[in-house]
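> Following this message is one structure expressed as structure tokens.
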Amino acid sequence: MLKLILRRLAQMMLIMVAVSLILFGVFDSPKFKRQLAVNELGGFAVQTLSPADYQAWLERKGLNVPFAERYWKWLTGIARGDFGRSFQKSADVGPLLGRALLNTGKLALCVFVIMIPLALVTGVMAGIREGSFQDRSISFLAVLFTSIPEIATAIFLTVIFALWLGWFPAKSRGDGLEFLVLPALTLVLYDFGYVARLTRASVAEVMQSQYVRTAILKGLPYRRVVIRHVLRNALIAPFTVIVLQLNWILSGVVVVEVFFQYNGFGKLLLDAALFGDLYVVQAATLAAVLVAVLSQLISDIGYVLLNPRIRFG
Amino acid sequence: MSAIAEPLPSPPVPVLARLARPRFALALLLLIWVPLVAYVMFGRELGPYRSYVLIPAIPAALLLYAVAARTWRESTIAVAGLTLVFFWILLAVSAPYLPLLDPNKPVAPFVTPFTERNGIFFWLGTDMRGRDLLARTIWGCQRVLVWGITATAAAYLVGTMLGLIAGYRGGWRDEVVSFVGNVLLSFPVMVLFILILNYLGQSGFNIVIAVTFSSAPAIMRIVRGLALDVKSRDYIHAAQVRGERPLRIMLVELLPNVRGPLIVDACLRLGYTTVAITTLTFLGLGLQPPDPDWGLMIKEASTTALVFKFSYMLVVPALSVSSLILGFNLMADGLREMSLRD
């Protein structure tokens, strides 16, 4: 177990170094430096700039340093908790990213609080009566909602609840729970179908096993068979997948945040990438990769802990 | 009188059933895809022939639909998905021959659906610049389908080759391919898209590259797993003993035997790619204006049409993209169900 964790952590470090090197390499290209200059000074100003002035500008921004030296400076900076400075917003990256992650965290919390019970209950309801009307209607709804991309769900919800009924604001610029409802609901609707389908498949598989048949035949009450014998075995797979959804939300959140103008992680990342704001992109991507790898690790450990059959495997 | 009875005549095989062979389906698919690609990507080079290129694709699409619907007739879900997808493919293929208004020409702004203005009946209304939404939806569907299918095909080509090499050859090749795949997979998808499109510039071809980078690792993993599973079967050993070359074994012996799960995954991935293309255009990263595209329609309308009366400008492209993806997903679902049944 400890060996597994250590190996995964080492792998994680390797991947993060590779990712940061790739990002640095991409943004170190003359093309991106030029783009940054255009965004900061304006396209016309850059065109009229003499090469010497351009070099001076690069010098002032600290972009003229050789690749290896810049990377090393950035890496040692991180060790001290200094993530660099944002060119676009003239602020330190650390607090900027912290605030964005907090906002997205609030959103993700809402999503999980609604999505997990909804997906598990519908999935179990479909799985315990495989092939019934109940199962087929739930399965169909799950496919339907997973098929509607976030951007379309966001549109439908906005049109119905913001523009028609006027219950919630169409744009989520602000604090307060009412701004979170539509973005969170969009993510829930897209995501719950996947988890529900997985739960259904897992429950249906366990329902067909020998020990469930035995439990039913020996006369245990149906409710007790479902709760004690089926669910304990069937919910292992959904658990591991739910943890992995955290990773998905960090990526899927870009569209939703841009559509609803919510100031979170995804919007920060997109804005920074379009601007060529290297240090923000760097820190945000590494945060996302960290979440991805950690959630995978947690999901793996959870799987081992929950499933005694592979504990010594 | 001869003692030998006349041999019983074999029951007639319906034409559609005789055509239901993978090779024939692939040929039809190419007959649809190649003209579409030529029309959309190389339209300028075609010159005066441009208006004729798509004609053979229309009967091909109809025939392919008939053959596929017959082959999959056991699964209602698969046929329903197929119908949705082919509805859009047929519209995409016949777009130049339909009596549509110019999708880029302003006619009359803010006309709501099902109303008449200036003697023209607008089924889906017009957008804020007065361009016909019906024409924009159909032409947009053509672009989404062409780039979506092309990008998925490219991702499959790369992912399958790498997966076969990693799974069948193993060793250091597997280590290298798997590590690169893991690095690419640990990027959030959107970051990868943004980085690649920002670096290479924004165009359809670069979308193909970006989708390849983001999807190929996942495809590689699936193919690698399947190859590992199949690799120790007897027919592979037989081929090895016969002295067949590894490339031939991978492509001729291995790949056709794992095509079932791959086709299901391809249907799902076509859906993902369509979402990705629409989303990227919405974020301002994909195909460039003014040519119609669903993501672009959403982007333009989301800033100007936030009133209930004009929300049809948002709803029309949203419904279009949802129905196309629903089609792909239902197809994948039906196929998976059928493969589990046998």
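Glycine too: its Cβ is placed from the backbone N, Cα and C atoms.
As listed in TrEMBL for this protein:
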- A:101-299: domain 'ABC transmembrane type-1' (DOMAIN)
- A:9-27: transmembrane segment (TRANSMEM)
- A:106-128: transmembrane segment (TRANSMEM)
- A:140-167: transmembrane segment (TRANSMEM)
- A:179-199: transmembrane segment (TRANSMEM)
- A:234-260: transmembrane segment (TRANSMEM)
- A:280-306: transmembrane segment (TRANSMEM)
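Just tell me what is around each of these and how deep it sits.
Same-chain neighbours of the transmembrane segment (A:9-27): 67, 70-71, 74-75, 276, 278, 281-282, 285-286, 289-290, 293-294, 297, counting only residues six or more beyond its ends whose CB sits under 8 Å from a CB of the stretch.
Below 8 angstroms of C-beta separation, residues 134-135, 138-139, 141-142, 180, 183-185, 187-188, 191-193, 195-204, 207, 226, 230-231, 234-235, 238, 242, 245-246, 249-250, 253, 262, 264 of the same chain, each at least six residues beyond the ends of the transmembrane segment (A:106-128), sit close to that stretch.
Here the transmembrane segment (A:140-167) has Cβ contacts under 8 Å with residues 122, 126, 181-183, 185-187, 189-190, 192-194, 196-197, 200, 252, 255-256, 259-260 of the same chain, all six or more residues outside its ends.
Within its own chain, the transmembrane segment (A:179-199) is flanked in space by residues 106-107, 110-111, 114-116, 118-120, 122-124, 126-127, 138-139, 141-146, 148-150, 153-154, 157-158, 161-162, 168-170, 172-173, 234-235, 237-238, 241-242, 245, 248-249, 252-253, 256-257, 260, 262, which lie at least six positions past its ends and keep a Cβ under 8 Å from the stretch.
Listed by sequence, the residues of this chain that lie at least six past the ends of the transmembrane segment (A:234-260) yet keep a Cβ under 8 A from its Cβ atoms are 104, 107-108, 111-112, 115-116, 119-120, 123-124, 127, 150-151, 154-155, 158, 170-172, 182-183, 186-187, 190-191, 194-195, 198-199, 202-203, 205-206, 266-267, 269-270, 288, 291-292, 295-296, 298-300, 302-303, 306-307.
Same-chain residues lying 6+ beyond the ends of the transmembrane segment (A:280-306) with a Cβ under 8 Å from its Cβ atoms: 1, 4-5, 8-9, 11-12, 15-16, 19-20, 23-24, 27, 74, 83-84, 86, 88, 93-94, 96-97, 100-101, 236, 239-241, 243-244, 246-247, 250-251, 265, 268-269, 272-273.
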